[in-house]
Amino acid sequence: MDLSEALQRKPRYKTAKQHMEINWHDIVKIDTDIPAVAAELKEKATLVARVGSMLLFVGTSAWRVRSSMNKISRALGISSNVDIGLTTLTYTCIEKDHHYTQTVALPTTGVNTDKLMLLECFVDEFPEKALKYSTKQFHEILDKIEAEKGNYEPWMLGFASAFACGAFTFLLGGGLMEIIFAFLGAGVGNYVRKHLLEKKITLLMNVMIGVATACTVYVASVKLSEWLFHLSPTHHAGYICSMLFIIPGFPLITGGIDLAKLDLRSGIERITYAVLIISVATLTGWVTALIFNFNPDNFPDLKLHTAIIIPLRIVASFIGIFGFSMMFNSNLFMALCASVIGMISNVLRLELSDEFDVPSGISAFLGALTSGLLASIIDKKVGVPRISITVPSIVIMVPGMYMYKAVYFIGLNDTSTGMLWIGKTILVVIALPLGLIFARILTDSYFRHRS
C-alpha cells in the first residue's frame, strides 16, 4: 500500500477510546471451517484469551478465570500459563515447540452474574464442541454473550437498591421511618449512578455523585417529614444506610479468595479497588454529614420480642439479598437461590451475635461458612455457578456501617473511636471470604488440593 492509498483509507476505529478494542475476528481465518482443535496456535490462543478476559470483566475470581482458561486449553490440545490482575491478564500458550504470548487489558471491571453463568456454560460445553466447531463459530457465540444486555433497567435497579438498603436498615437496628428514608435515598442515589455509568462517567465521579445524592435525598426526606408531620429529630442515624448500595462487596470477597489461593496480584488489586471505592464513598458521606449536621448515632432500641424479630429478620434478609442480587444482574432464579441461602446464614449470624454474644468476626465466619455449604448443595442440584450465589448471599454481611463510622470519627479527630470501628471492620472483612474458602475446601476436592 503506497502513501496516497494509506491516506485515503477509511479509519478502522472512529472513536478515540482510552482503551482500544480488540477485533478478535481479525485474528481468525474466516475462509476455513476446520475444527478448533486443528486450528493454528494463534487462533487457539486468541480463543483462550477472549474467554479469560470476558470472565475477568464480569467480576469472577482469578481462580475461576484460570480454571476456565485451562479447560479451554486442554480441549484444544495446548498448554497455557496466565498472570491475572483486576483488569489485565498476560498469558502464554504453548503447542509443541511453538508459543504465543499476549497481554489483554480491559477498560474497567464490574459484576454481571448472568453473563458469568452463560460463560460457565460455554466453558463446560467447550470440550465436546471443540471437535466440531471452528474458532470463527466459537467467536460468534462469544459475540452473542458479549452483546447480552442487562436484565434490568436503571429504574428497576433503583428499586432493587432501595429495597436492599431498606432491609439493611432494619437489620442494623433501624425503625420504620429510617427504613422509609433509606429506601428513598438509596433508590434515587443508585438510579442516578446507573445513568452516570451508562454515560461512561469515570469511577470516582459516579461514586461521589451517587453517594451525595443518596445522602441528600435522605436528609431532605427527614427535614420534610419534620416540617410536615412534626416528626421528632431522632432519625438522623439512618443516612448511612441510604448509601450502603455502593459498598463493593464482590471485589472485597473475591479478593480475599484470590489471596487465599496465592493469586496475590489479583487479590491485592481487587482489594485496592474496593478500598478506593470505600474511601471515596465514606469521605463523601462524611462531608455530606458535616454539611447537614447529621451524625451516625446508634439506632434507638426497637424493643421487639425474639419471636417477632426473627421472622422480620428472615424477611428483611431475603429482600435485601434479592435486591443486591439484582444489582449484580442475577436472573430471578439465581437471585432466589442467593436469597434463600443468605436468609438462613444471615439470621444465624445475627442471632449468634445478639443472643449468644459471639464476637462479630466469628459469627461472620460461621454465616459465610453456612452460605458456602448451602451453595454447594444447590450447585450440585441445579448447576448454578457457586460464586454467583455465595457472594450475593453474604454481601449483606459486609460491615458498611462500620466503614462509614470509622471515617466519620477519624475525620472529627476522634482517632480512638475511629480505629475501634476499623478494627471491627477488618475482622469481619477477613472472616467473610475465609468462611467461603473453608466451605469450598470441605465440599470441593479439586479446590482443596490445588493452589
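Yeah, the Cβs are placed from backbone N, Cα and C, and that goes for glycine too.
Annotations in TrEMBL come from automatic prediction, not curation.
Listed in TrEMBL for this protein:
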| type | residues | note |
| --- | --- | --- |
| DOMAIN | 47-291 | domain 'Threonine/serine exporter-like N-terminal' |
| DOMAIN | 314-440 | domain 'Threonine/Serine exporter ThrE' |
| TRANSMEM | 159-189 | transmembrane segment |
| TRANSMEM | 201-221 | transmembrane segment |
| TRANSMEM | 236-259 | transmembrane segment |
| TRANSMEM | 271-292 | transmembrane segment |
| TRANSMEM | 304-324 | transmembrane segment |
| TRANSMEM | 331-348 | transmembrane segment |
| TRANSMEM | 360-378 | transmembrane segment |
| TRANSMEM | 390-412 | transmembrane segment |
| TRANSMEM | 418-442 | transmembrane segment |
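Per DSSP, the domain 'Threonine/Serine exporter ThrE' (314-440) is made up of 109 helix, 0 strand, 18 coil.
Each residue in the domain 'Threonine/serine exporter-like N-terminal' (47-291) has a pLDDT score, and their mean in this model is 94. Between the transmembrane segment (331-348) and the transmembrane segment (390-412) there are 3 or more Cβ pairs closer than 8 Å, counting only residues 6 or more apart in sequence, so the two stretches are in contact.
Listed as Cβ neighbours of the transmembrane segment (418-442) (distance under 8 Å, sequence separation of 6 or more from its ends, same chain) are residues 252-257, 260, 359-362, 364-373, 375-376, 386, 390-391, 394, 397-399, 402-403, 405-411, 448.
Within its own chain, the transmembrane segment (236-259) has Cβ neighbours under 8 Å at 59-63, 86, 109, 111, 161, 164-166, 168-169, 172, 174, 177-179, 181-182, 184-186, 189-190, 193, 207, 210-211, 214-215, 217-219, 222, 266-271, 273-274, 277-278, 281, 285, 288-289, 294-299, 324, 327-328, 387, 391, 394-395, 398, 400-401, 403-405, 429-430, 432-434, 436-437, counting only residues six or more beyond its boundaries. Between the transmembrane segment (304-324) and the listed ranges 159-189, 271-292, 360-378, 390-412, the one holding the most Cβ pairs under 8 Å is 159-189. Same-chain residues lying 6+ beyond the ends of the transmembrane segment (390-412) with a Cβ under 8 Å from its Cβ atoms: 113, 164, 167-168, 171-172, 240-241, 243-244, 247, 249-250, 252-254, 278-279, 282-283, 285-286, 289-290, 295-296, 317, 320-321, 324-325, 328, 330, 334-335, 338-339, 341-342, 345-346, 349, 360, 364, 367-368, 371-372, 375, 418-419, 421-422, 424-425, 428-429, 432, 435-436, 439.
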